[in-house]
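K.L.:
Structure incoming, see below.
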Amino acid sequence: MGKFYFDIADYVVFSGMLLVSAITGIYYGCRSRYCKSEEGSDLKEYLTGNKSMQAFPVAMSLVASYISGVTILGTPAEIYNFGTQYWFIAFSIWFSGAIVAYVYLPVFCKLQVNSSYEYLEMRFSREVRMLASVLFVMDEIMFLPIVIYVPSLAFNQVTGIDVHLIGSVVCFICIFYTVIGGLKAVVYSDTWQIIVMFISVIVLVILGTIAIGGPSVVWNRSGAGGRLIFNNFNLSMYERHTVYGVVTGGVIFWTAFNGVNQTMVQRYLSLPNEKESKKSVLMFTVGVSLFVSLCVYSGLLVFATYHKCDPMTAGRITQDDQLLPLYVMETVGHLRGVPGLFIAGVFGAALSSLSVVLNATSAVVLEDFVKGCLRISITEKNATHLVKIVILVLGAMSMGFVFVVERMGGVLVMATSLSAIAAGTTFGVFTLGMVIPWSSSIGAITGAVAGAALSGTISFGGQYSMASGNIVLHKLPVNVDLCEADYGITPNVTVINYPDESHIFALFRISYHWITPIGILTTVVVGAIVSLVTGKTDLARLDPELISPVVQFLLPPEAQRFAGTATSAIRNRLRNAEDAALMQEVSSSINLGEVQGPSR
């Protein structure tokens with residue numbers, strides 16, 4: 001791996017990060033009412049923090065929803081291999097934030113749903129709600145083990161500790177504070193973990209830039225190596241990164257993820273009002289765009305360091321994600337504690353992503369599957385127990401699937417593909433509901449099936465074509481002239497013969513940036529057309545609270561008479577079910593007391 005390895009200072013820094021995470025869970029768990037109360041749990045506080053959260057910690061938790069160890073390690077590798085065109089994703093994030101704040105967020109703030117997918121039952125039907133919920137849970141189950149495995153692999157490289165051991169320890173600590181502390185523990189743990197992550201990358205960038213001789217050296221070497229690409233305005237959808245592809249695909253993907261995904265909506269609604277929610281979106285946008293920019297610069301820094309000896313060609317690493325850990329150990333490995341800080345940042349990002357997903361997925365299981373689909377009446381106390389059990393089960397599954405991810409590379413491909421399918425399809429259905437007033441339940445289901453089928457075909461077809469060697473990624477050229485002089489390595493340089501891809505089905509060759517937009521567009525267009533053909537929704541009887549403010553002008557004036565009716569219907573059903581469950585529990589307790597007789 002390199003000359004330097006973890007010493008005691010690095011282990012102390014890394015262990016400190018894990019310890020503070022555990023303490024955070026204990027603190028917020030025992031501070032909350034549901035821990036102190038003798039009467040039982042307070043589910044609202046556990047899942048939403050009683051809607052008393054503050055904008056900054058929630059914004060940092062939102063950043064944590066996106067930033068993971070995969071981002072920290074993968075973005076520099078992307079820049080190293082394909083150039084800076086990807087940097088345009090920072091502009092996409094700003095456009096996306098504005099769309100989320102003014103098109104989708106107001107609807108959720110008005111309805112105050114417990115699960116974002118509850119909206120789909122209000123707007124369409126229970127079947128549509130379940131379809132989106134199933135896609136979400138499947139996507140997160142595939143995502144969780146990757147979040148654990150990637151940083152564990154990096155830790156293994158710098159310490160030699162077994163991947164499964166460190167992954168299990170970190171996952172256990174995350175499960176612990178998520179179960180004990182609920183949303184507050186998740187949000188506040190995410191906040192300081194994200195701060196640690198920012199600090200670790202900033203320290204790395206500063207020290208690395210000083211070591212190499214300044215920003216001008218980084219810029220000049222990157223330019224000479226062909227990594228500075230900002231003007232690719234090619235309209236082709238086949239190129240990996242173009243201005244149009246990165247910006248268009250980035251805006252739509254980020255809006256799909258930030259606008260309707262339960263991991264995000266749950267945090268938006270933990271704030272007291274819409275103004276605070278919009279403020280958190282703004283902070284989130286600033287934070288993510290800055291962090292992505294730092295990761296892009298890190299990629300240039302790595303390239304400038306190895307511009308005369310590519311580590312992959314020299315056989316010093318075997319995977320692209322190992323580039324940054326190699327750079328860290330060889331550049332700042334002699335500074336005690338700095339490698340530990342960097343790995344702590346990588347794992348902090350992983351922990352925050354993991355806790356967010358565990359908390360959000362448990363809420364979806366309770367609200368959408370137990371209450372929404374199965375119509376099971378459950379008391380608040382039992383619901384809280386159920387949520388905690390779900391977190392434990394999901395955490396255990398995540399640790400188990402790490403073994404699968406390690407041995408089956410196809411799982412990584414499947415997870416990536418499923419994420420694109422789930423994001424595009426689900427967001428398309430929400431867009432139908434909020435932006436296309438005449439869309440119906442039949443149109444939503446038909447559009448979702450069509451969107452999932454097309455995006456799935458593109459995604460899996462493209463991945464299969466790459467796995468079979470019919471499509472080979474065109475990485476930018478690298479140099480190995482000084483490998484022998486600097487490292488005593490004589491690289492085995494092989495000339496890549498790129499195959500003729502003209503015979504490959506056109507959709508299999510398009511850039512990954514276009515998969516989500518195509519899925520969303522298909523879902524919306526097919527859904528809108530089918531709704532018109534099979535019987536569109538009566539706009540005069542449509543609850544205007546279900547429609548985004550930007551298109552409410554399309555509704556007739558008489559629709560205002562039905563404002564709030566969809567929400568009231570769902571809330572009354574849930575309230576009646578909870579009352580029935582409580583009465584049943586009280587009745588069972590009374591009957592049990594009668595059978596046992598009076599106590600002495």
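The backbone N, Cα and C atoms fix where each Cβ goes, and this holds for glycine too.
What you see is a predicted model, and the numbers here were worked out from it, not measured in a lab.
What TrEMBL lists as transmembrane segment is 12-30, 55-74, 86-109, 130-151, 163-187, 194-213, 242-260, 341-366, 386-405, 411-435, 442-460, 512-533 (among others).
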K.L.:
If contact means at least 3 Cβ pairs within less than 8 Å, sequence distance 6 or more, would you call the transmembrane segment (86-109) and the transmembrane segment (442-460) in contact?
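P.N.:
These two stretches do not touch.
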K.L.:
Using a Cβ cut-off under 8 Å, which residues of the same chain at least 6 positions beyond either end of the transmembrane segment (194-213) come close to it?
P.N.:
17, 60-61, 63-64, 67, 72, 287, 291, 294-295, 297-298, 301, 304-305, 327-328, 331-332, 335, 338, 341-342, 344-346, 348-349, 352
K.L.:
Of the listed stretches (163-187, 341-366, 386-405, 512-533), which one yields the highest count of Cβ-Cβ distances below 8 Å with the transmembrane segment (130-151)?
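P.N.:
Between the stretches 163-187, 341-366, 386-405, 512-533, 341-366 has the largest tally.
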K.L.:
At least three Cβ pairs under 8 Å linking the transmembrane segment (341-366) and the transmembrane segment (386-405), pairs spaced 6 or more in sequence?
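P.N.:
Output yes: the transmembrane segment (341-366) sits against the transmembrane segment (386-405).
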K.L.:
Most CB pairs under 8 Å with the transmembrane segment (386-405): which of 12-30, 163-187, 512-533?
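P.N.:
If we count Cβ pairs closer than 8 Å to the transmembrane segment (386-405), 163-187 scores highest.
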K.L.:
Which bits of the chain, at least 6 residues beyond where the transmembrane segment (242-260) starts or stops, bring a Cβ under 8 A of a Cβ in it?
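P.N.:
Hits for the transmembrane segment (242-260): 62, 66, 85-86, 88-89, 91-93, 95-97, 99-100, 103-105, 116, 231-236, 281, 284, 423-424, 426-427, 430, 511-517, 520.
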K.L.:
Among 12-30, 163-187, 442-460, 512-533, which stretch has the most Cβ pairs under 8 Å to the transmembrane segment (55-74)?
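P.N.:
Looking only at 12-30, 163-187, 442-460, 512-533, the most contacts with the transmembrane segment (55-74) come from 163-187.
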K.L.:
Same-chain Cβ contacts of the transmembrane segment (512-533) under 8 Å, 6 or more residues past its ends?
P.N.:
237, 240-241, 245-246, 248-250, 252-253, 256, 420-421, 423-425, 427-429, 431-432, 436, 438-440, 442-444, 446-448, 450-452, 454-455, 458-459, 462
